[in-house]
Amino acid sequence: MASKRISRELRDMQRHPPANCSAGPVAEEDIFHWQATIMGPHDSPYSGGVFTVSIDFSSDYPFKPPKVNFKTKVYHPNIDSKGSICLDILKEQWSPAPTTSKVLLSICSLLTDPNPNDPLVPEIAHLYKVDKSKYESTAQKWTQKYAMG
């Protein structure tokens with residue numbers, strides 16, 4: 001079941017790629033391990049950055065969410081230093097309905113609109129709330145250092 005669903009999503013994504021994203025298997029013979037590329041949204045401090053994300057599907061997919069992690073360092077209240085992402089649709093709000101394409105679009109939205117009320121990194125969330133311009137300049141510096149090379 002999982003491999004059929006993943007194969008179908010891959011075909012759909014190749015036909016209709018999500019905006020500013022691409023994804024596919026790391027190795028042709030292993031459909032369960034993907035690498036994605038997310039372009040930093042223009043209306044965010046991540047603009048101009050290219051972010052690599054790993055997507056690991058289990059044999060229980062789509063009944064369990066894929067494990068999605070940033071491989072590129074990113075300064076964000078909902079993404080920690082290990083690349084873990086705090087996004088409700090990858091946790092308690094998961095349902096079998098969303099496709100990988102929709103998950104990637106949700107991650108792009110999170111880059112544009114962080115959720116400081118449900119942070120993985122409380123210090124960054126605090127800065128976002130009290131000094132947004134300092135948060136944005138730090139995020140831009142990290143983007144230049146880690147995602148533009």
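From the backbone N, Cα and C atoms, a Cβ is placed for every residue, glycine too.
Taken from Swiss-Prot, the feature active site, glycyl thioester intermediate applies to CYS86, supported by sequence analysis. Residues annotated as compositional bias 'Basic and acidic residues' in Swiss-Prot: 1-15. The domain 'UBC core' annotation in Swiss-Prot covers 1-148 and rests on sequence analysis. Annotation comment: Swiss-Prot describes 1-22 as region 'Disordered'.
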Surrounding CB atoms that lie within 10 Å of the CB of the residue listed as 'active site, glycyl thioester intermediate', all protein chains: 19
Per-state residue totals over the region 'Disordered' (1-22) - DSSP helix, strand, coil: 14 helix, 2 strand, 6 coil
Where CYS86 (active site, glycyl thioester intermediate) falls in three-state DSSP terms: coil
Integer average pLDDT (0 to 100) for the domain 'UBC core' (1-148): 97
